[in-house]
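K.L.:
Please read through the structure below; I'll follow up with questions.
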Amino acid sequence: MTAPILTRADCLARDALDPLAGLRTRFDLPDGVIYLDGNSLGARPRAALSRAQDVVAREWGTDLIKSWNTAGWFDMPKRLGDRLAPLIGAGPGEVAVTDTTSLNLFKALAAALRIQSQGASAARRGDDRRTIVTERSNFPTDIYMAEGLSRWLERGYRVRLVDSVDEIPAALDHDAAVLMLTHVNYRTGYQHDMATLTGLAHEAGALAVWDLAHSAGAVPVDLRAADADFAVGCTYKYLNGGPGAPAFIWVPQRHQAGFDHPLSGWWGHASPFAMAPAFAPVAGIGRALCGTQPIVSLALVECGLEIFEATDMAAVRAKSLALTDLFIGLVERRCAGHPLGLVTPREHARRGSQVSFTHPHGYAVMAALIARGVIGDYREPEIMRFGFTPLYTSYADVWDAVEILKDILDRNDYDVAAARGAVT
Ligand SMILES: *Cc1c(COP(=O)(O)O)cnc(C)c1O
């Protein structure tokens with residue numbers, strides 16, 4: 001048992017005992033900033049600067065086109081996928097780092113619908129499933145992509161939105177083709193029980209597609225143990241891959257032979273340099289690729305993954321829960337009397353690595369926090385979102401962030417009329 005934290009000195013004592021504390025030096029964060037937005041854009045690994053310099057100056061500048069072979073550019077989506085795989089319970093040859101989360105979701109959904117309409121099990125059942133079940137509170141692009149795909153297929157597919165997890169069992173009816181869920185909700189930080197929901201989907205004859213945007217590098221994930229069907233996620237959030245870094249897609253071995261999607265570009269071809277007019281998909285995860293990747297950006301993903309190899313997700317999770325517990329407890333104690341509402345579950349099993357509080361002037365309070373160096377973000381409606389990245393956030397950071405929040409609230413030191421930027 002660790003002693004309860006009551007003072008800043010207690011936080012410093014916890015930091016002194018923290019096995020992850022040393023990893024903070026592997027990131028370059030500006031002085032005077034407490035960065036609680038790693039759930040949206042992870043901080044920069046120190047190594048990313050020299051890696052970018054090397055890719056641009058040597059691999060591109062000097063070695064030019066030879067680098068597709070000599071620098072391993074062509075194999076990078078699969079090589080990085082193998083390095084990412086242990087963080088999500090995936091096997092080797094099952095993950096590719098490529099494209100965006102939106103695009104990868106499109107590919108996974110298309111492949112899942114294809115399996116449902118043409119697979120042997122569908123033929124045996126003789127049914128014709130046309131519904132993608134997801135949550136209204138899902139990150140909008142996930143819903144948009146599912147609706148866009150459904151519309152374009154023009155075969156009666158539809159997206160069914162549920163308003164709570166309790167509605168999922170009933171929504172998994174005879175028409176349900178796919179259950180598409182985001183494991184940790186971007187707004188509330190609520191974490192689904194992946195194994196149970198995947199089991200429910202399978203019992204109902206549906207496939208389970210998971211979005212790990214707020215899970216990869218944030219919470220332990222075991223896709224194989226959960227028997228999930230497909231998964232996608234971002235590398236620029238908790239994995240610290242850099243702004244716009246390519247996303248990932250997981251296709252387990254058992255679905256690879258049947259993985260058929262409409263974005264059949266030449267990078268997914270069995271012999272791309274044969275330049276054949278007919279498409280023939282390569283065996284394995286390579287068929288999830290489409291076209292030429294943004295190599296400079298892709299290369300930087302490795303710098304974030306390397307840092308995770310210095311620890312493990314059990315240690316990251318233990319500290320994440322300690323930090324979020326501390327933040328919740330301190331806000332409730334130090335900022336009592338202010339109209340703050342905890343949105344994130346208190347129950348550990350249901351919590352991701354973020355804490356969200358509502359405040360009637362959430363946008364203005366967040367703007368004031370950012371002006372004072374505490375960087376979180378704001379999500380409609382009224383939600384102040386604080387992401388906790390155990391690799392570079394200390395217990396003392398949590399204390400200091402809450403003290404600044406308390407000061408802003410006690411003194412009403414925020415501008416309710418503040419103009420909003422294009423990106424919140
Ligand atoms: C952040 C996030 C995305 C982002 O998708 P992009 O294609 O990278 O813009 C998608 N889904 C979820 C659930 C997210 O949290």
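In case you wondered, yes, glycine gets a Cβ from its N, Cα and C as well.
Not my notes, these are from TrEMBL:
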type	residues	note
BINDING	T101, S102, F139, P140, T141, D142, T182, D211, H214, Y236, W266, T292	pyridoxal 5'-phosphate binding site
MOD_RES	K237	N6-(pyridoxal phosphate)lysine
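Give me the lay of the land around each of these features.
P.N.:
Counting only same-chain residues six or more apart in sequence, the Cβ atoms lying under 8 angstroms from the Cβ of F139 (pyridoxal 5'-phosphate binding site) belong to T182, Y186, D211, A213.
In three-state terms derived from DSSP, K237 (N6-(pyridoxal phosphate)lysine) belongs to neither a helical nor a strand segment and is classed as coil. Within 10 Å of the Cβ of K237 (N6-(pyridoxal phosphate)lysine) there are 28 other Cβ atoms, across all protein chains.
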K.L.:
In the three-state scheme derived from DSSP, which category covers T182 (pyridoxal 5'-phosphate binding site)?
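P.N.:
T182 (pyridoxal 5'-phosphate binding site) sits in a strand per DSSP.
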K.L.:
Taking the Cβ of W266 (pyridoxal 5'-phosphate binding site) as centre, how many other Cβ atoms lie within 10 Å?
P.N.:
16
K.L.:
Among T101, S102, F139, P140, T141, D142, T182, D211, H214, Y236, W266, T292, listed as contacts of pyridoxal 5'-phosphate, what is the widest Cα spread in Å, to the nearest whole number?
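P.N.:
Among the residues the record ties to pyridoxal 5'-phosphate, max Cα distance equals 30 Å.
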K.L.:
Taking only the Cα atoms, work out how far W266 (pyridoxal 5'-phosphate binding site) lies from K237 (N6-(pyridoxal phosphate)lysine), in Å, as a whole number.
P.N.:
29
K.L.:
In the structure shown, with every protein chain counted, which of the binding-site residues T141, T182 has the densest set of Cβ atoms within 10 angstroms of its Cβ?
P.N.:
T182
